[in-house]
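Single-structure report; data block below.
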Amino acid sequence: MCLHGLRTLSICWVVVENGLTAAEALETVLGQVVINSTLAVDTFFVLSGCLTAYLSLLTVRQDEGVSAKRVGQFYLHRYLRITPTYGIFIMFCTCLLPYFSGGPDWWRKSTEYYSSCRSYWWTNILYINNFYRSHDDQCVPWSWYLSADMQLYWLAPILLLFLAAGFRIVGGLLICGVVVMHSALTAYLEQSVNGDFLRNADDFSWNVFQKTYCRCAPYVLGLGVGYILTRVKGFYTMSRATRIIGWICTLALTSTTTFIKYDENSIMLDHPFYWSEQSRAVHEALFRTGFSLAVCWIIFACATGNGGFINSILSWRGFLPLSRLSFCVYLLHPMIMLADMWTSRIPVFFTISYVVRQHPGDVRQSSCSSRDLAHV
């Protein structure tokens with residue numbers, strides 16, 4: 001049940017990030033939480049990997065082996081579960097978007113998405129739009145996550161087969177190797193781009209942020225947690241000292257990864273590159289892995305009876321509805337927020353206080369629209 005809480009809080013974090021692009025956010029501590037909300041996507045990767053490993057390995061154990069039929073079902077089930085809803089949304093962006101509303105900036109902006117989707121909709125359906133062509137040619141740019149997650153799902157059996165066969169040391173070495181490769185590639189590519197989402201955003205997004213090999217560490221860590229949960233079978237006894245140390249490390253990792261760049265971001269308007277190029281590369285290579293390790297601990301602790309009041313909060317049944325709609329909310333919420341801006345007939349000044357007031361409405365509207373899309 002704690003997974004529903006993590007998923008709900010993460011999708012709310014994503015929504016608030018997409019609602020704010022303001023200089024005010026750079027200068028405040030609270031603004032760092034908004035700026036670093038891309039970490040919520042790493043939570044999704046961890047959750048996806050964890051569930052993939054847990055459910056797949058339980059199935060293999062029940063079937064007492066792996067068959068070609070089961071492998072085929074593994075791939076087909078995932079594609080058919082996601083693609084119909086995704087395809088309907090792509091079809092809307094391809095055929096209907098420019099005619100859906102109106103306003104001062106609606107036609108110009110909506111036709112940009114319309115033309116990209118008319119030409120490259122098929123890259124989304126094949127889940128390769130985070131690699132093919134360029135950032136400017138992407139249909140529904142934020143759907144890069146779906147492609148990266150699908151690609152990692154396609155590759156997951158390579159690791160899962162070793163774990164299912166009992167080669168735990170080989171599986172552990174593969175996980176460590178992927179994490180090291182992810183860190184090295186990310187550091188190298190970040191230096192070649194020399195920027196991040198606040199500095200040289202388009203190049204960074206296309207060449208680093210969206211690439212599967214720069215997002216694989218959270219997913220394989222999730223695979224590892226899923227495997228461990230199948231071994232402990234839902235309960236693991238920890239000493240009080242171990243639990244305390246684990247939660248202290250989790251708090252330290254989440255706080256550090258969220259706020260460590262405050263000194264550079266707070267003076268970005270005057271000194272865009274306060275950190276050295278090497279420091280930014282090391283940060284980009286490690287901070288997502290660090291945050292993902294914290295998420296892994298939360299999942300493991302809560303799933304094995306060591307979560308305490310954190311597990312009680314994350315397991316609240318009120319998180320269930322939005323958790324089940326999170327896929328559709330992720331698809332729809334940027335379009336809803338963009339439509340609000342494109343149709344506005346008065347200037348909108350994005351401040352932190354504005355976003356805090358607007359955020360509940362964005363979540364509510366996205367959830368209602370997602371419910372309709374999910375029922376199509």
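The backbone N, Cα and C atoms fix where each Cβ goes, and this holds for glycine too.
Going by TrEMBL, these are the annotated features:
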DOMAIN    3-338  domain 'Acyltransferase 3'
TRANSMEM  39-58  transmembrane segment
TRANSMEM  79-100  transmembrane segment
TRANSMEM  152-180  transmembrane segment
TRANSMEM  285-310  transmembrane segment
TRANSMEM  330-356  transmembrane segment
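Against the transmembrane segment (285-310), stretch 39-58 shows more Cβ pairs under 8 Å than any other of 39-58, 79-100, 152-180. Distant neighbours of the transmembrane segment (79-100): 106-107, 110-111, 113-114, 117-118, 121, 124-125, 139-140, 143, 146, 150, 327-328, 331-332, 335, 339, 373-374, 376; these residues of the same chain sit at least 6 beyond its ends, with a Cβ under 8 Å from one of its Cβ atoms.
On the 0 to 100 pLDDT scale, the domain 'Acyltransferase 3' (3-338) averages 87 in the predicted structure.
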